[in-house]
Amino acid sequence: MAQSLALSLLILVLAFGIPRTQGSDGGAQDCCLKYSQRKIPAKVVRSYRKQEPSLGCSIPAILFLPRKRSQAELCADPKELWVQQLMQHLDKTPSPQKPAQGCRKDRGASKTGKKGKGSKGCKRTERSQTPKGP
């Protein structure tokens, strides 16, 4: 009885304790298989990432992430001059910051600070007032 329990425990340890090499990254990696034939305009791209053959992909590539998240990544040859220039442009350009609450500028708000028609329920920030002398 004790031997069968020890054997079962050993099998469990071996089954779950040995790291797996195939697919150990959590899933299949998306790889570019060919490069875009057209130059990609900077206005349609928000960022990029690098694809390396050493990480399991067949070709080196730069994957440009489009501004519209519903669109597919755009693959480009890292040796092309326009690709290097676009990467430098994206490195210099700070990523756009969204407003803290996603609010639009209040339209129709009165001077008292009440919400207007276009405020969409967003809070206005109060200006800190310095106390006046005693």
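Even glycines carry a Cβ here, placed using N, Cα and C.
When Swiss-Prot is consulted, the disulfide partner of C32, picked from C57, C75, turns out to be C75.
In sequence order, Q51, C57, I59, A61, L63, E73, C75 are the residues of the chain that are 6 or more apart from C32 (disulfide bond) and have a CB within less than 8 Å of its CB.
DSSP assigns C31 (disulfide bond) to coil, not to a helix or a strand.
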